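What TrEMBL annotates here:
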DOMAIN    24-467  domain 'Major facilitator superfamily (MFS) profile'
TRANSMEM  20-37  transmembrane segment
TRANSMEM  72-97  transmembrane segment
TRANSMEM  104-124  transmembrane segment
TRANSMEM  130-152  transmembrane segment
TRANSMEM  164-183  transmembrane segment
TRANSMEM  195-216  transmembrane segment
TRANSMEM  281-302  transmembrane segment
TRANSMEM  317-339  transmembrane segment
TRANSMEM  346-368  transmembrane segment
TRANSMEM  374-401  transmembrane segment
TRANSMEM  413-437  transmembrane segment
TRANSMEM  443-463  transmembrane segment
Amino acid sequence: MNSGRDEAPDLPRKVPSKSLLLAVWAACIGGTFQYGYNISIINAPTTAIQKFINQTWTERYNTDISKQVLTLFWSTIVSIFTIGGLVGSSVGGTLAIRYGRKGTLLINNIFALLAAVLMGTSYPTGLFELLIAGRFLTGVNAGIALCVQPLYLGEIAPRALRGAMAMGTSIFITGGILTGQVIGLDELLGRDDYWPILLSTTCIPAVLQLLILPWFPESPRFLLIDRGDDQACNQALKQLHGVDKYSQEREDIERERLSAMGVKPKKPWELFGDRSLRWQLITVILLGVFQQLNGINAIYFYADYVFSQAGIPEDKIPYVTVGTGACECLTALTCGLLIESLGRRVLIMGGYSLMAVWCICFTLTLTFQNASPWVPYLSMVCVFAFILSFGLGPGGVTNILTTELFIQSARPAAYMISGSVNWLSFFFIGMAFPFIVNGLQQYCFLVFLTVCVLVATYIFFIVPETKNKTFLEIHAEFQSRELKKKLDHEEGSQQPVSTDVLLSSYANGNLK
C-alpha cells in the first residue's frame with residue numbers, strides 16, 4: 001500500500017456520477033440552503049414586522065409600544081436564531097450517530113415545517129410571539145444541518161473529489177443567501193403585505209428534501225463502520241459511484257473500519273481528553289471562532305454606508321446588496337473548482353492573507369472617505385474584494401477541514417464542538433459588534449487584520465495539506481511525531497517510521 005503522498009498524483013480526476021450529484025443537491029437544498037436563506041430573508045420585512053408588533057401591542061394594551069421594548073422584541077426575533085443554532089449543533093452529532101446522516105437530515109425538516117407554520121400564522125392570529133418561536137426552530141434546523149450535512153457529503157464523496165463535493169455546503173449557503181435577497185425584493189415578496197408568506201417559504205426547501213433525499217442511500221461509511229452492514233454499504237457505494245468505480249472507496253472504508261474495531265463513537269467531552277486529537281480539535285475550534293470574527297460581518301455592516309457614499313440611491317441599494325450575495329456565491333463555486341487542484345492550505349491561507357490586505361485598504365478608504373469623490377468607489381471595490389477573498393478561502397474550506405481532520409469515531413463529536421463554537425461566536429459578534437464599531441469606528445478593521453494574519457500563520461505551521469489523502473493518512477500525519485517515537489521505542493529502532501507503517505499499525509489495531 002502506498003502512502004497518501006505517493007498515491008495523490010495517480011488518483012483519477014473522476015467526474016461525479018449523476019446519482020452522486022443529485023444526492024449532494026438533495027442533502028444541501030434542505031440543509032445549508034435553509035441556513036443561508038433564513039439569514040437573508042429576515043432583513044427585507046424589518047419595518048413591516050415592527051409595525052405588526054406595534055399594532056398588536058396597541059390592540060392588546062391600548063397603548064403604543066415603547067421604542068426600547070420594540071427594539072428588544074425585534075432583536076430577540078433576529079438573535080434567537082443563533083440560540084436555536086447552538087441547540088441544533090449540540091444535538092446534531094448525537095442524532096447522526098443514532099439515526100444516521102441521511103435519517104437525521106430527513107428528521108430535521110420537522111423543525112423547518114413547524115417554523116414555517118408558526119411564522120406564517122403569526123399575522124392572522126395576532127401573536128408576534130410565534131415569530132420568536134419560529135425563528136428559534138429555524139435556528140435548530142440550521143444548527144443540525146450545519147453539523148450533519150457536511151458529515152454526509154464528506155462521507156459519500158470519492159477521495160479524489162472530496163473537497164469539491166464538500167464545497168456543496170458553502171455553495172448552497174451562499175445560494176440560500178442570494179435567493180433570500182432576491183425573493184425579498186419589492187417586486188417579489190418584499191412588500192409589506194407579503195412578509196408572512198415570505199417567512200413561511202422556508203417550508204419549500206424542506207418539502208423538496210423530503211421528496212428527493214429518500215431516493216438516495218445512507219452514508220456508506222456509517223453503514224459499514226457504525227452499523228456493520230456490509231451489504232448495504234456496497235449497495236450505497238454502487239449507487240453513488242457506479243458498479244465499476246466503487247472498489248477503491250470500499251478499500252478506504254475497510255481500512256478505516258479495521259482501525260475503528262472495538263472503538264465506540266466518541267462523546268464531545270471525550271475529544272478534549274484525547275491527546276491524539278489535540279491539534280485537530282484546536283484547529284477546528286480556532287477556525288470556527290475566526291470564521292465569525294474575521295471581519296466579514298463588519299463588511300456587510302458597512303456595505304450600505306459605502307454604497308450610499310458612492311452616490312447609489314437608497315432605493316437601489318437592495319439591488320447592489322444582491323450583487324454582494326451573487327459575488328459570494330460565485331466565489332464559492334470558484335473555490336469548488338479550484339480546491340482539488342490548489343489544495344485546502346493554499347486556498348484558506350490565501351483567503352485570509354487577502355482579507356488582511358483588504359482590511360488595511362478598507363481602513364484607509366473609510367478614513368479618507370471625504371478626501372476625494374473617487375474614494376467611495378475604492379471602498380466599494382474593497383467590499384467586493386473582501387467578500388471574494390472570504391468566499392474563496394475561509395468561507396469554503398473551513399467545513400471541509402472538520403470532515404477531513406477526524407476519523408469516523410470522532411467526526412460527529414468534532415462537528416458538535418465546531419458547530420457549537422461557531423454559533424457561540426456568531427452570537428458573540430452579534431452582541432458585541434455594535435460596541436466594537438462604535439468604539440473603534442473604521443479602525444475596527446485593524447482588529448480583524450490581526451485575526452486574519454494569526455489564522456493564516458497558524459495554518460501555515462500546523463495544518464497539513466489534506467488533498468487526496470484518506471482520513472487515516474491525515475490522522476497519521478498529525479500524529480507522526482508521537483507515533484514514530486512510540487514505534488521506535490517499541491522496536492528498538494532509530495530509523496524513521498514511514499506512513500505505511502503508521503497506517504498498518506492503525507489497521508491492525510495497535511494504535512488508536
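For all residues, glycine too, the Cβ spot is worked out from N, Cα and C.
Given the structure is predicted, the values throughout are model-derived calculations rather than measurements.
Note on the transmembrane segment (374-401): residues 146, 150, 154, 162-163, 166-167, 169-170, 173-174, 283-284, 287-288, 290-291, 294-296, 299, 302-303, 306-307, 309-311, 323-324, 327-332, 334-336, 338-339, 344, 347-352, 354-355, 358-359, 361-362, 365-366, 368, 455, 463, 466 of its chain, located 6 or more positions outside it, place their CB under 8 angstroms from a CB of the stretch. Sequence-distant contacts of the transmembrane segment (195-216), counting only residues of its own chain at least 6 positions beyond either end whose CB sits under 8 Å from a CB of the stretch, comprise 19, 22-23, 25-27, 29-31, 33-34, 37-38, 41-42, 44-45, 48-49, 52, 102, 105-106, 109, 112-113, 115-117, 119-124, 131, 134, 138, 183-184, 189, 239-240.
Contact between the transmembrane segment (346-368) and the transmembrane segment (20-37) is absent: fewer than three CB pairs lie under 8 Å, with pairs separated by 6 or more positions in sequence. Beyond its flanks by at least six residues, the transmembrane segment (281-302) meets 271-272, 324, 352, 355, 359, 362, 366, 383, 386-387, 390, 394-395, 398, 401-402, 405, 414, 417-419, 421-422, 425-426, 428-430, 433, 437, 444-445, 448-449, 451-452, 454-455, 458, 462-463 of its own chain at Cβ-Cβ distances under 8 Å.
Here the transmembrane segment (104-124) does not lie next to the transmembrane segment (413-437) in space: the count of CB pairs under 8 Å, restricted to residues six or more apart, is fewer than 3. With pairs at least 6 apart in sequence, the transmembrane segment (130-152) and the transmembrane segment (72-97) have 3 or more Cβ pairs within the 8 Å limit; the two touch. Here the transmembrane segment (20-37) touches the transmembrane segment (164-183). Their Cβ atoms form 3 or more pairs under 8 Å, with each pair 6 or more residues apart. Outside the transmembrane segment (317-339) by six or more residues, the chain places 40, 44, 163-164, 167-168, 170-171, 173-175, 177-178, 181-182, 184-186, 190, 300, 303-304, 307-308, 347, 383-384, 387-388, 390-393, 395-397, 400, 467 with a CB less than 8 A from a CB of the stretch.
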